[in-house]
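As C-alpha cells, the structure follows; a few thoughts come after it.
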C-alpha cells in the first residue's frame, strides 16, 4: 500500500512540475519525389501538449538557401501570438528546387515562451533527413508513359509478326480452295 501511495505521489509531483506550454513540432515533405523545377510541398505541424498557452511562437527554417530553392508560396519564418493548450497549428510552404542532386533536409527552429514571464524556450522540428532531388529529364525518363517508345516498338515488331502471318495466309488460301466437282 505504501508503494502504491509513493508511486501516485511521484506521478502527481511530476505532473505539477511540468506546468506551462510544451510544444512538439514536426517537419515533413508531402511530395513522394522531389524534382528539379517542380513544386515541393513542406508541412510544419506544431502541437501544444502542455497545460497552458504557448506565447510568441516563432517558426524559422533557414535550411533552404535561395540559390538552391525558390519560394512559390508561404513563408519560411512564421509567428503566432499564442497556441492554446491541447491544440495545434499547421503551416505549409511550397518551394521549387532549382538544382538536382542530394540535399540534407534539416530541422527548423521553434522558439516560444512557456509562461508569460518565463525564459524563451528553443526547440527543433523533426528532420526529414537527406533526400535526392531528381533532374527533370531523369524524372520524365522514369515515370512518363513512354507512348512514343511503345509506338516505335510496335512498328518494329510488325515485320516479325506480319511476314509469317502473310506466308501462312497465302499457304492456307492455296491449299484450302475448294475443288470443283466433276460430273
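Placement of Cβ uses the backbone N, Cα and C atoms for every residue, glycine included.
It should be emphasised that the depicted structure is a prediction, and the values quoted were computed from it without experimental measurement.
Marked as N-linked glycosylation site by Swiss-Prot on the basis of sequence analysis: 88 (among others). Using a 10 Å radius centred on the Cβ of residue 88 (N-linked glycosylation site) and all shown protein chains, the other Cβ atoms total 14.
In the three-state DSSP assignment, the secondary structure recorded for residue 104 (N-linked glycosylation site) is strand. Among the features that Swiss-Prot reports, N-linked glycosylation site is placed at 104 (among others).
Per Swiss-Prot, signal peptide is recorded for 1-17, and the stated evidence type is experimental evidence.
Taken from Swiss-Prot, the feature topological domain 'Lumenal' applies to 18-149. Within the topological domain 'Lumenal' (18-149), the DSSP-based counts of helix, strand and coil residues read 11 helix, 69 strand, 52 coil.
Under the heading topological domain 'Cytoplasmic', Swiss-Prot lists 170-183, citing sequence analysis as support.
Feature annotation from Swiss-Prot assigns transmembrane segment to 150-169; the stated evidence is sequence analysis.
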For residue 104 (N-linked glycosylation site), the same-chain residues 6+ apart in sequence with C-beta under 8 angstroms from its C-beta are 63, 129, 130
